[in-house]
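The structure under discussion appears below in the form of structure tokens.
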Amino acid sequence: MSFSRSAADAADTLPDLAATLGAPALGAFVTLGDAFHTRLPAAPLPAPYVVGCSDEVAQLLGLPASFATQPGFAELFAGNPTRDWPAHALPYASVYSGHQFGVWAGQLGDGRALTIGELPGTDGRRYELQIKGGGRTPYSRMGDGRAVLRSSIREFLCSEAMHHLGIPTTRALTVIGSDQPVVREEIETSAVVTRVSESFVRFGHFEHFFSNDRPDLLRQLADHVIDRFYPACREADDPYLALLEAATLRTADLVAQWQAVGFCHGVMNTDNMSILGLTIDYGPFGFVDAFDANHICNHSDTSGRYAYRMQPRIAHWNCYCLAQALLPLIGLQHGIADDDARAERAVDDAQAVLAKFPERFGPALERAMRAKLGLELERENDAELANKLLETMHASHADFTLTFRRLAQLSKHDASRDAPVRDLFIDRDAFDAWANLYRERLSEETRDDAARAAAMNRVNPKYVLRNHLAEVAIRRAKEKDFSEVERLAQVLRRPFDEQPEHEAYAALPPDWAGSLEVSCSS
């Protein structure tokens with residue numbers, strides 16, 4: 001899996017593909033030095049086969065239309081080299097640390113992920129390719145370094161679904177399966193998912209060098225991130241404080257978008273927080289079905305730390321962890337000779353930045369909810385109206401996605417058209433009371449029902465990756481039928497379109513879906 005254009009380094013069976021993938025090595029992160037990563041080959045995955053491939057991501061990377069049909073494709077993205085790995089092309093696993101479920105976990109790192117190369121995108125950006133499930137690394141701890149088919153399909157589907165919802169995310173290029181057994185809560189089979197992102201740097205990377213008292217390496221990492229992804233920060237009075245602010249604001253925006261579509265991440269540890277404000281590390285995630293503000297999507301989260309309603313608070317807390325890690329760098333430009341005085345000012349400056357999180361998150365979520373309700377004009381009580389709807393949904397366990405989608409059918413003047421959304425509520429009197437408030441608010445709007453409905457349908461998805469939809473695709477894939485993975489991926493590429501031929505994918509979950517559980521055991 002060399003990404004070199006050299007014929008000597010290319011896989012014999014993949015001359016055209018190797019040339020396409022070609023080139024500039026492993027990217028800028030690997031040049032930071034050995035303190036940041038370990039170079040090693042992937043562990044071969046026996047008899048790999050293609051489960052799914054995103055044509056859109058392939059196009060983003062400039063890969064040909066025939067990319068996924070070339071001989072050796074599965075071998076390449078399973079991490080199986082057909083000859084010895086050239087030293088300059090060895091993949092790498094990066095080291096980081098972090099807080100897990102609010103507790104300092106110490107050194108972590110890419111325990112089953114290997115970055116295999118970097119390619120220029122057709123959008124002018126550069127993208128790292130990382131295989132998840134490529135075998136043990138020095139950071140695997142007690143793990144086997146493998147990913148399972150179940151979690152790999154879920155990550156593949158949700159990465160692309162989130163992108164098409166307009167939510168910042170890592171992307172997914174391929175899923176490669178194998179019949180190799182692995183032990184989790186039960187015996188499962190191995191798989192590798194290829195993730196694509198401008199960067200996989202996490203809050204935990206900064207925490208690692210802070211906790212190891214290596215301000216020199218911390219600064220090297222921060223400079224890398226600033227120069228490559230936040231160049232405007234270099235022009236600020238304090239580039240490292242500006243980096244903290246940029247990451248904090250992006251994180252606030254991201255979580256506001258999560259809340260607006262009912263997405264629960266499930267494992268918001270600091271090592272799962274992207275410095276670029278991307279959704280990263282799709283594990284026991286879930287979209288809320290019957291709305292419960294206390295919804296916990298991760299079976300392993302017994303305390304509810306990462307419940308739906310907690311996500312904004314946890315994201316803010318994680319930004320505090322990032323701020324602590326950056327403190328040794330903040331204020332260096334001020335030339336304060338006294339270390340204690342500089343540290344005190346750094347804390348004050350960081351606190352001021354962190355105070356901007358709620359200032360950013362609140363209005364961002366209000367804008368999103370106003371759009372979901374089809375409100376073009378801004379009114380003081382709009383947040384109260386939205387919150388009252390959520391409270392009513394919570395009390396009736398109304399379906400999150402369908403409630404907002406069907407609200408578009410409600411008329412300003414005719415309550416007889418309320419049935420499609422009203423029927424989602426157990427307490428219909430409570431819904432009627434809210435609907436009366438909503439109509440009063442709509443009377444202040446200038447758009448007619450049709451224009452409002454069209455606007456609402458552009459922001460309220462009809463199709464999201466519900467757990468039971470993923471489960472059906474996974475069960476069929478286990479029988480070597482990958483058609484449902486492809487079909488579901490196609491539906492989720494157009495989440496806001498009606499797609500009448502796929503109406504079943506927008507239905508309420510079946511009764512058996514209530515017994516599904518997802519956990520960290522992927």
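Heads up, the Cβ atoms here are built off N, Cα and C, so glycines get one too.
Sequence annotations record features per position, and here Swiss-Prot assigns ATP binding site to Gly109, Gly111, Arg112, Lys132, Asp144, Gly145, Arg195, Arg202, Asp281. The annotation active site, proton acceptor is assigned in Swiss-Prot to Asp271. Per Swiss-Prot, Mg(2+) binding site is recorded for Asn272, Asp281, and the stated evidence type is sequence analysis.
Note: the Cα of Arg195 (ATP binding site) and the Cα of Asp271 (active site, proton acceptor) are spaced 16 Å from each other. The maximal spread of the ATP binding site, taken as the longest Cα to Cα distance among Gly109, Gly111, Arg112, Lys132, Asp144, Gly145, Arg195, Arg202, Asp281, is 22 Å. Neighbour counts of Cβ atoms within 10 Å were compared across the recorded positions Asp144, Asp271, Asp281; the minimum falls on Asp144. When the Cα of Asn272 (Mg(2+) binding site) is compared against those of the binding-site residues Arg112, Asp144, Asp281, the shortest separation belongs to Asp281. Each of the binding-site residues Arg112, Arg195 was scored by the number of other CB atoms within 10 A of its CB, and the lowest score belongs to Arg112. Annotation note: Arg195 (ATP binding site) sits in a strand segment as assigned by DSSP. Under DSSP, Asp144 (ATP binding site) is assigned to coil, being neither helix nor strand in the three-state scheme. The CA atom of Asp281 (ATP binding site) is located 9 Å away from the CA atom of the residue listed as 'active site, proton acceptor'. Spatial neighbours are here defined as Cα atoms within 10 angstroms of one another, and by that definition the neighbours of Asp271 (active site, proton acceptor) among the binding-site residues Gly109, Arg112, Asp144 are Gly109.
Around Gly109 (ATP binding site), the same-chain residues six or more apart in sequence whose CB sits under 8 Å from its CB are Ala93, Ser94, Val95, Tyr96, Thr137, Pro138, Tyr139, listed in sequence order.
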